[in-house]
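Notes follow once the structure below has been shown.
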Amino acid sequence: MTTVRQRRVGKGTEAAEDQPSDENVKPDEKILSDHIGGKLWNILSVTVGGIVAISLGLLTSVYVATLHENDLWFSNIKEVEREISFRTECGLYYSYYKQMIQAASIQQGLHGLVYDNKTESVRTINILERMNVYQEVFLSILYRILPIQQYLEPVYFYIYTLFGLQAVYVIALYVTSWLLSGTWLSGLLTACWYITNRIDTTRVEFTIPLRENWALPFFAVQIAAITYLLRTHLQPVQERLTLMAVFIATFLFSLAWQFNQFMMLIQALALFVLDCFDMLPTAKVTWLYIIQISGLLLVCVLQFFNSMILGSLLISFNASVLIARTIQKNLKKGNLLNRLGKLILHVLLVLCLTLLINKFIKKILNLESDEHIFKFLKAKFGFGATRDFDANLYLCEEAFGLLPLNTFSRLSDTLLFYVYVFVLFLTTVAAVVVAFRNLSGSNQVQFMEKMEECTVTLKPDAAYNLIHTVLFGCLALSTMRMKYLWTSHMCVFAAFGLCSTEVWKLILKCIHLYTSQRMHVIKYSVPVITLLYISYKFWPGIMDELSELREFYDPDTVELMNWIKSNTPNTAVFAGSMQLLAGVKLCTGRTLTNHPHYEDKNLRERTKQIYQIYAKRSPEDVYRILRSFGTDYVILEDSICYERRHSRGCRLRDLLDIANGHIMDGLGENAPDLKPSLYPRFCEEIKKNLPSYTLHFTRVFQNKTFHVYKLAKHK
């Protein structure tokens with residue numbers, strides 16, 4: 001060994017003597033020169049990459065805003081038409097922004113939200129407790145105090161803010177991919193994939209006020225911050241600042257969306273899996289658990305101790321993990337079999353503690369806010385059929401069904417899905433190898449040493465994003481509405497893999513073609529070719545899309561809203577479908593019996609009762625039910641009464657028949673215990689103006705879509 005080393009030094013000296021041009025160059029000066037050059041190059045790269053990120057974010061924001069304008073001709077339509085365009089729950093959330101804007105003062109507006117008696121008739125509820133509308137409150141206050149009222153209408157301030165958040169979203173995705181791969185080319189590819197797969201990555205342009213459109217940009221920022229946090233060799237100051245960024249993003253995400261706890265539970269599961277296999281630093285994982293709990297508890301305080309948050313599985317799970325760790329202190333010591341045994345016991349302990357703590361909290365606080373979600377999940381995954389109205393209402397909605405197969409064909413057109421599967425396979429193999437090596441310990445790595453040439457060490461940040469994309473992929477496959485959490489991260493992960501040194505190094509080593517130059521050529525050429533392909537194929541389509549002009553057109557709903565405003569008192573109470581009543585509140589300010597924000601047991605029971613207008617019930621029963629909620633007017637919709645959108649068994653009238661124990665309409669099978677109803681369907685029979693119906697209900701408005709009946713006020 002000594003001889004070999006001496007011969008190498010000798011050759012090096014001879015080579016140096018043969019090059020007189022380097023004789024007078026000092027080694028320290030050369031190192032310093034290289035260091036300065038490298039630093040300048042890094043500064044230039046970060047500057048260019050940052051400019052590209054901001055530019056792409058702003059372009060995306062302008063792109064979706066233009067699509068929204070072109071689709072509705074939003075700038076030209078009347079105010080009532082603009083408000084009707086905020087369909088279903090979107091209209092409900094926007095109504096609180098409008099309410100705050102129109103209030104005499106900020107204090108009066110806040111008082112109206114805390115003591116609200118117009119969202120649910122004969123009840124006073126705290127909107128800030130029940131719903132995630134702090135963003136509307138903040139935005140309305142901002143609009144009132146800024147000197148912009150003369151230049152910008154409230155509705156434009158609102159929608160431009162949300163379109164602006166799309167810029168934050170794209171920049172966060174860009175930065176995450178850049179951090180993972182080490183090159184901003186990856187971020188550029190991420191943003192291009194996000195835009196060209198817009199149908200599957202966002203729906204902000206036609207569901208602007210949805211909670212997810214507020215929340216997902218902050219979730220993307222949180223993921224970017226976690227990715228940076230999991231880097232090795234961070235300075236203490238950098239680590240503290242990053243933890244602060246994670247906390248702020250987690251808090252804002254939790255504040256903006258009622259489903260925050262379920263998304264962060266999946267994130268906590270990802271951290272738990274990686275920590276069990278020793279693929280993340282335990283101290284950083286602990287901090288992330290604590291941040292999740294503290295962020296959620298802070299939101300709980302702001303929402304006046306919302307019971308659904310206190311009883312969340314996330315708080316129970318994170319607390320259970322921290323408790324289990326203190327019980328099992330030597331979890332990461334021992335040989336392979338020993339560690340596997342400890343790991344199985346640890347998982348069982350965490351699961352048992354989670355269920356016990358969650359059950360205990362719900363029992364103590366008498367919580368039932370989220371029971372409909374668990375009923376839905378139980379029925380969805382085949383743990384027995386259900387006749388529960390709320391669970392079936394979700395099961396029959398396309399948004400809560402399985403992810404359609406045509407999604408993958410659209411994602412494949414941009415090459416995104418092919419690249420994603422390719423990168424996912426390679427990183428999963430690397431993760432399995434690394435996990436096995438970690439569990440095996442230092443004394444049992446002969447097998448791993450044999451595979452060293454084809455093995456890539458999976459960095460903690462890449463490992464986290466791998467498990468994140470796998471778990472959210474499973475969620476998207478099972479529930480279509482959640483696909484936007486997956487597809488945006490799919491862009492990040494696929495771009496990272498295509499620009500990753502580790503991925504290409506692994507491939508080239510496995511096929512015995514690795515050289516540093518070859519690896520760098522492939523690392524940059526493949527993404528550039530992909531970008532050129534995407535630009536060539538989809539740029540003309542994007543230009544055509546931007547030039548296509550449409551116009552909002554819903555005359556029947558406009559006529560209904562105008563009639564309500566002109567012909568009913570301000571104190572009138574309206575009953576009807578959840579989706580329509582949200583628009584009634586926004587456009588007319590009238591009081592509602594029910595609404596689409598379904599995360600309350602009393603509201604769910606009330607909605608089921610109100611929906612008896614579409615069931616087979618007597619006019620006396622329906623009248624009694626409606627009057628018990630203070631109803632003055634009821635709106636019947638032909639699109640629900642004679643529904644054809646869903647198949648038999650999933651129409652709203654069928655769900656009501658099943659829940660009431662009645663045989664469904666039409667040809668087909670019925671459960672043997674279902675009986676014929678003694679009464680015809682209310683929404684059909686009332687139109688015949690029979691005496692038993694006109695005694696309680698008088699038709700006061702009718703068009704092709706809606707029928708409004710005024711309820712008699714009997715003593």
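Here the Cβ of each residue, glycine as well, is placed from N, Cα and C on the backbone.
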Of the residue ranges 140-158, 216-234, 292-310, which one carries the transmembrane segment annotation in TrEMBL? 216-234
Segment assigned the feature transmembrane segment in TrEMBL (from 311-328, 383-400): 311-328
Contact check, the transmembrane segment (486-508) vs the transmembrane segment (311-328), 3+ Cβ pairs under 8 Å, seq sep 6+: no
Taking 3+ C-beta pairs under 8 angstroms (sequence gap of 6 or more) as contact, is the transmembrane segment (263-280) in contact with the transmembrane segment (415-440)? yes
What stretch, picked from 216-234, 340-361, 520-539, has the most CB pairs under 8 A with the transmembrane segment (461-480)? 216-234
State the non-local partners of the transmembrane segment (520-539) in its own chain: residues 6+ outside its ends, Cβ under 8 Å from one of its Cβ atoms. 183, 185-186, 188-189, 192-193, 196, 413-415, 419, 495, 498-501, 504, 508
So if I exclude everything within five residues of the ends of the transmembrane segment (311-328), which remaining residues of that chain have a CB under 8 angstroms from its CBs? That is, six or more out. 261-262, 264-265, 268-269, 272, 286, 289-290, 292-293, 296-297, 342, 345-346, 349-351, 353-355, 357-358, 361-362, 365, 367, 369-370
